[in-house]
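**Q** Got a structure here, written out as structure tokens. Questions coming.
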Amino acid sequence: MTLAAAAEAPAPTHAFAIAAEEVAMEPLSTATAPAAMEEESSSSGGGGGVGERRSRFRRICVYCGSAKGKKPSYQDAAVDLGKELVERGIDLVYGGGSIGLMGLVSHAVHAGGRHVIGIIPKSLMPREVTGEPVGEVRAVSGMHERKAEMARFADAFIALPGGYGTLEELLEVITWAQLGIHKKPVGLLNVDGFYNPLLSFIDLAVNEGFITEEARRIIISAPTAKELVMKLEDYVPEYSIGLVWEDQNQKQNNLVPELDSGITSS
């Protein structure tokens, strides 16, 4: 898809209102049969080659910076993560940029023959997309819709080093997991201890009674891409809050015709 075509594509309206609905559309099944996992991996839109390691994930959403960072190790980690996804037959969902760590991980996945879905607000395209876009680009109206679409397409989430935007996206999906809105694993690629201060803060919040031990275990971290993805594969969710978002969302959807009717008749 060309950059011009992506920019001209119509974006859905009511971005903030649809966020919760779209997150619940493609829940991750933790009991997918091995044969089905292998079939999904080979038919998910990427190259898919012989020798790919079997994965329960079809797509992983990667959050990361539009800058490369000062250390070469950050850049190496982005490339290594892209290669790890390729080896496991996993496609990539990301923020759509072609610069910084976003560009490195997306090019690595695309070069390996897997499918890449980039989701980016139209207003950011001139800033974060240079040259020919990588893979499939979906232009959306704003940041709320971007995050909802990324969550909807993904079966798991990984955060590489990044800044405010990366932290916002990361903490939001962690909060959604805590509330039971989704049951998808959330991982930190803790390159050179980049996320140690964040993990220390979270541990402090646990000690001070603001985060439960159970909620602390939502976050999975590892120093290398290979180790992190292995941990994500083994993740089993546990929640103390009984909110089942899919059920609540369905009840809300059933009320929509009644609400519309009431608005029309008033």
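Please read every residue number as a count from 1 along the shown chain.
Placement of Cβ uses the backbone N, Cα and C atoms for every residue, glycine included.
Pasting the feature list from Swiss-Prot:
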BINDING   GLU128, ARG146, LYS147, GLY163, TYR164, GLY165, THR166, LEU167, GLU168, GLU169, THR175  substrate binding site
REGION    30-52  region 'Disordered'
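Mind running through what each feature is packed against?
**A** A sphere of 10 angstroms centred on the C-beta of THR175 (substrate binding site) encloses 12 other C-beta atoms.
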**Q** Near GLU168 (substrate binding site), which residues of its own chain have a C-beta under 8 A away, given they sit six or more steps off in sequence?
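**A** Within the chain, GLU168 (substrate binding site) has no Cβ neighbours under 8 Å at 6 or more residues' separation.
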